[in-house]
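K.L.:
Heads up, here are the entries from Swiss-Prot:
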COMPBIAS  32-45  compositional bias 'Low complexity'
COMPBIAS  46-58  compositional bias 'Basic and acidic residues'
COMPBIAS  59-77  compositional bias 'Acidic residues'
CROSSLNK  Lys152  ubiquitin cross-link
REGION    32-81  region 'Disordered'
Amino acid sequence: MEKMTVSSNYTIALWATFTAISFAVGYQLGTSNASSTKKSSATLLRSKEMKEGKLHNDTDEEESESEDESDEDEDIESTSLNDIPGEVRMALVIRQDLGMTKGKIAAQCCHAALSCFRHIATNPARASYNPIMTQRWLNAGQAKITLKCPDKFTMDELYAKAISLGVNAAVIHDAGRTQIAAGSATVLGLGPAPKAVLDQITGDLKLY
């Protein structure tokens, strides 16, 4: 009788254990499937919204406008600065009143730096062409500095002062396809030029 009771109890315990394991496995599989279904549904929904134009990628949008940027420059003869000793650098002056995102600012600074380099280094027919200053800048590590500018009025003053001192300069105007009005002056590029001369122009500005 005791053997039958022990055997019966063992069978019940074994059945209970098996049931518990089955329940746990079933719950785990159900949770996993539900999670996968939710992820798949979210992915499909996002894909559909992107196709319908409801979602967009700000980075791609900013990059797509890059070819439409324009610069304002005067062909400035800067060879008179070649004999000034010391560090040669480029300054990128960023307007603060436009509310540009960091990505937007980075793109505009790239435009300004490339524009300044093209003016001073790529076309011997231009008055702004200055291979000596370019080489000094390249040999010293292409130093660049980013500075804050409060508004368009201040930027115009800085640009005029750069021209009067014979410093290579370019103002970048936005295409107006994403964040700000078309034609807005966003970044002023200065140089490459001796730091001593740039400080006369931007000495009162704060670092960005």
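Cβ coordinates are placed from backbone N, Cα and C, and glycine is handled just like the others.
Keep in mind the model is a prediction, meaning the values are calculated, not measured.
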K.L.:
Using a Cβ-Cβ cut-off under 8 angstroms and a sequence gap of six or more, which residues of the chain neighbour Lys152 (ubiquitin cross-link)?
P.N.:
Arg95, Asp97, Ala185
K.L.:
Can you tell me the three-state DSSP label for the residue listed as 'ubiquitin cross-link'?
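P.N.:
Reduced to three states, the DSSP call for the residue listed as 'ubiquitin cross-link' is helix.
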